[in-house]
Amino acid sequence: MFYDDDADLTIIQGRKVGVIGYGSQGHAHSLSLRDSGVQVKVGLKEGSKSRAKVSEQGLDVDTPAAVAKWADVIMLLAPDTAQADIFKNDIEPNLSDGDALFFGHGLNIHFGLIKPPAEVTVAMVAPKGPGHLVRRQFVDGKGVPCLIAVDQDPTGKGEALALSYAKAIGGTRAGVIKTTFKDETETDLFGEQAVLCGGTEELVKAGFDVMVESGYPPEMAYFEVLHELKLIVDLMYEGGIARMNYSVSDTAEFGGYLSGPRVIDAGTKDRMREILRDIQNGDFVKKLVANVEGGNKQLEQLRKENVEHPIEVVGKRLRDLMSWVDRPITETA
C-alpha cells in the first residue's frame, strides 16, 4: 500500500496532462489535477455538450487530437467502447517517444483492443469510487483509494509517474494498491456481471416475480425486494456482512442463514465460474465489440426488455410518493 509520503507530486506537476472525456471520472481527475498544480487540458469532440461545462469550470478544452498532441501524459477516460476509435484516430497519430498513456480501467489494454507503441509508458490509475466522490473527498482534504498498474515501462519510471498522478487526485491520502491490468480488468468485469449489476438485478426481479405470482400486491413485493435492499447494502458497506447481521432482527438473521444457501448454492457458484471463464478467455469482450459494431442493437433491445419489467412500472409509481428520494432526470422529465 502506498501513501502520500511514497509519491512525489512534482513528477506529475512537471508534465502536461490531457484528460480525454469529461464524465464522472473525467471531471474529478481534471479539476483535482488542476488544483494540485498540474497543467491540464480536456479533450472533447467538437459539438460536445460538456465543452461549455469545462470552460465554466475554468479548464482549457480542445479536440482529443489537439490535446493528445499538446500533452505528454494522456488519461483516456472516455467510455470503454469508444476508446479504441479515439486512440486510433486522435491519440496514436500524436504520440511521441516518452509520452505516457493512462487509463482508468484496463479492458482495452488487457484484451488488446488498444496497442500503444513500445516507446510509450502505459499505466492505470483507477479510483475505487465514482467521480463525484473522488472530487468531494479531494476538496475535503481526503481521498478515495486507488489502484495503479503499469503495463509498459520503457523509461523505468512508470510506477513513480502513476503514483504521482494518484497523489494529485487524492488517492495517496487514502491508500494506493498496486495491481495489474489483468487483475483489475477481470475482477471488475466479474463483479459487475455476477454480483453488482447482473446478479443483483436478476435476484431482485426473481424475488419480485415470485411474490407477485404468488398473489401478493406488487407494491409490497417492490418494497420487500428492492426498496429495502439499500438499507441492507448500506449496513454491509459500513461494517461488512457481520455488521449487517448484527443490525437486523434475529428473525431476519436466522432466516437468512437458513434460506440464503438455498438461493445461492453450489450450482450458482459453478455458473459464476463459467462467467469468469468467459471474461478471462475474451468471449465477453468479443460479444461487447460485436454489439458495438452492430450499432448497439443488442444492448438497446436488452434495455427495452428491462425497462418493461413490471417492477419498473410499480417502482416509478411508488417513488413518486417518496419526496426524500433523489429522482434521476430521465424519470422526472
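Yeah, the Cβs are placed from backbone N, Cα and C, and that goes for glycine too.
Together with Y22, G23, S24, Q25, K45, S48, S50, D80, T81, A82, Q83, the NADP(+) site in Swiss-Prot holds one more listed residue from G131, G141, G143, which is G131. Averaged across the domain 'KARI N-terminal Rossmann' (1-179), pLDDT in this predicted model comes to 98.
DSSP assignment over the domain 'KARI C-terminal knotted' (180-325) gives 122 helix, 0 strand, 24 coil. Cβ neighbour count for E224 (Mg(2+) 2 binding site) (all protein chains, 10 Å cutoff from its Cβ): 14. In this structure, S24 (NADP(+) binding site) is part of a helix by DSSP. In sequence order, L288, V292 make up the list of same-chain residues 6 or more apart from T81 (NADP(+) binding site) whose Cβ falls under 8 Å from its Cβ.
Taking Cβ-Cβ distances under 8 Å and a sequence gap of 6 or more within the same chain, the neighbours of D188 (Mg(2+) 2 binding site) are H105, G106.
Shown are the binding-site residues S24, S249; of these, the residue with the fewest other Cβ atoms within 10 Å is S249.
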